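So that you can see what the record holds, here are the features copied from TrEMBL:
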- 186-559: domain 'Ionotropic glutamate receptor C-terminal' (DOMAIN)
- 196-261: domain 'Ionotropic glutamate receptor L-glutamate and glycine-binding' (DOMAIN)
- P270, T272, R277, S446, T447, E495: L-glutamate binding site (BINDING)
- 313-335: transmembrane segment (TRANSMEM)
- 396-418: transmembrane segment (TRANSMEM)
- I425: site 'Crucial to convey clamshell closure to channel opening' (SITE)
- C508-C563: disulfide bond (DISULFID)
- 584-606: transmembrane segment (TRANSMEM)
Amino acid sequence: KHVKGYHYIIANLGFVDGDLSKIQYGGANVSGFQLVDFEDPMVAKFDQEWEAFGEKEYPGTDARIRYTSALTFDAVRVMTEAFLFLHKQRIDMSRRGNSGDCLANPAVPWVQGVEIERALKQVRVNGLTGNIQFDQYGKRINYSVTIMELKNNGPVKIGFWNEVDKMVATKSDLYPNDTMGMENKTVIVTTILEAPYVMLKKNAELFQDNDRYEGYCVDLAAEIAKHCGIRYQLKIVGDGKYGARDAETKIWNGMVGELVYGKADIAVAPLTITLVREEVIDFSKPFMSLGISIMIKKPQKSKPGVFSFLDPLAYEIWMCIVFAYIGVSVVLFLVSRFSPYEWTLEEPEDGALPLTTESINEFGIFNSLWFSLGAFMRQGCDISPRSLSGRIVGGVWWFFTLIIISSYTANLAAFLTVERMVSPIESAEDLAKQTEIAYGTLDSGSTKEFFRRSKIALFDKMWQYMKSAEPSVFVKKNLRGRATKSKGKYAYLLESTMNEYIEQRKPCDTMKVGGNLDSKGYGIATPKGSPLGNAVNLAVLKLNEQGLLDKLKNKWWYDKGECGSGGGESKEKTSALSLSNVAGVFYILVGGLGLAMMVALVEFCYKSRAEAKKMKMKFTDAMRSKARLSITGSTSENGRVPVAYLRPGLPMSLSMTDLS
């Protein structure tokens, strides 16, 4: 399995001799040993001479010499050095007169063979495989083996081994210099067609290569390439997926698979940083923070009702105000009754003689109700409390009405001029506890993985529903279609950044509800151990400090939005007042006027009946007389009608009263 957690060691001394391309990309570590150091000057010179031979005459010269061939070459050289040593010692190597029986028992040693063995042990040369030296037993000593590790950019020297120092790691080889050697290479950048991150231009066929695309990630890739000093080519991922591992085959798909299997060098896309992905690829610092959010079809805006002027205060408050009004009126009535300072003698007008010596109290129950109503409506009244206790009641009632009326007035404009949308759900809890509205995620991505792996009871409950729902609630593409066509019966769970973007696009029929379910980030991905990783990470940090990442988001989300400004957060629209906004006030006015006319008619009939009985005349005649008086009125300016009324025991001059 070529995945994270596995470590393979190639058990030979020629790590670079074989074809490593098939195992170069993946999550597993691949290590080995290299006996021939191609960076050694002697080996490099030999390699040049080796490649100079023709392939037809000397097969195999088109490739580097293998370690087995190098050992053969060194063996021949050792033998040559040994025989040269024997020649200098003038040792006769001729076999004349030294014939032996190969089948003799016991074996008879060859005399020159002992000399050759001694000469071989004394050889000390520097060959293609390094220092060649033997101990007294003929074992090679004082040689060094390079330790290699397979990276995505090829075999890398990570240290060496010898008999004295054993394993020695070379730090400079473990941590190569970022993008060194990348200047002349075109980096393959894998991405995905997903608005507003990567989109085809309107006339894409007129452009070539990277100029065919536009979007947030296109601009981001250009900025990163500028900071890293590299050339790049955008490549759209073939299967159109972000990247997930198949549970059965363990094979990665999408952009993650492109990186793992060496088809791309870097991924610049809305790729969520997750644990399972971090195990096989490297991520930069997040270039955008986000969370899982809920998208629903935007409900119809509810216009203010006829009695919307009551909305600034809850109905409970209105009921409390009514009870407070009645309670204050009753308390004022009782206080006025028991306080001696509210009782007064009636004074005659225009110096007339007193008609009675009885005390009167103006705050009867009806006058108390009238006083309380006038104070609540911020209107004056022709009577006011005289006693201290009555004034205390009036004072606290005025203070109460001041606060209530001020609060009401402050909220009235907003409630009358704003059209509100009533959402059927407001949070994930609302989704989980109902079954009328279905909900789901993208079929392949981090959002689905979040719910599948979550141990939180709420999210686990939602996952159990989603995976068992029929028909399937998972969508193949990251589009608004399912949410809008379902007429409000489907909620789409997706990352908040995409939710906010779709909300700003026509036909402006979706909206984000509630807060984010989690917190995560998008990162730029590179293969494990890639030399680009550190440089890309530093570039992201620099772009963030310069504020360029925020500028790019504003550019592609809100500046190019089609549903109005405001970052997509405004769900309400303020407009001028229409008749429907204040119709309830007119209804109350008309109703009050009609009620007043009905009460006046009742009073008219009641008074006419009383006078008919008193004057001993027909009821119709009494009504006719009262109607004539009401219609003709008086010619005086103040509209008063003088009526002669004789009080018992008084002269005529003192019995003239004005009736209005």
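Note that Cβ sites are derived from N, Cα and C of the backbone, with glycine treated the same way.
Bear in mind that TrEMBL entries carry predicted annotations, made automatically and left uncurated.
Taking DSSP states H, G and I as helix and E and B as strand, the domain 'Ionotropic glutamate receptor L-glutamate and glycine-binding' (196-261) has 27 helix, 13 strand, 26 coil.
According to its DSSP assignment, I425 (site 'Crucial to convey clamshell closure to channel opening') is coil. Cα spacing between T447 (L-glutamate binding site) and I425 (site 'Crucial to convey clamshell closure to channel opening'): 20 Å, rounded to the nearest whole number.
Under 8 Å, Cβ to Cβ, and six or more positions away along its own chain, P270 (L-glutamate binding site) finds I192, E194, Y197, C217, Y242, M288, E495, T497, M498, Y522. Averaged across the domain 'Ionotropic glutamate receptor C-terminal' (186-559), pLDDT for the predicted model comes to 84. The residues near the L-glutamate site, meaning same-chain residues not in P270, T272, R277, S446, T447, E495 whose C-beta sits within 8 angstroms of the mean position of the site's C-beta atoms, are Y242, L271, T274, G445, K520, Y522, in sequence order. In this structure the C-alpha atoms belonging to C563 (disulfide bond) and S446 (L-glutamate binding site) are separated by 28 Å. When Cα-Cα distances from I425 (site 'Crucial to convey clamshell closure to channel opening') are compared across the recorded positions T272, R277, S446, C508, the shortest belongs to C508. Counting every protein chain shown, 26 other Cβ atoms lie within 10 Å of the Cβ of E495 (L-glutamate binding site). Within 10 Å of the Cβ of I425 (site 'Crucial to convey clamshell closure to channel opening') there are 20 other Cβ atoms, across all protein chains. Separating the Cα atoms of T272 (L-glutamate binding site) and C508 (disulfide bond) is a whole-number distance of 26 Å. The disulfide-bonded residues considered are C508, C563; of these, C508 has the fewest other C-beta atoms within 10 angstroms of its C-beta.
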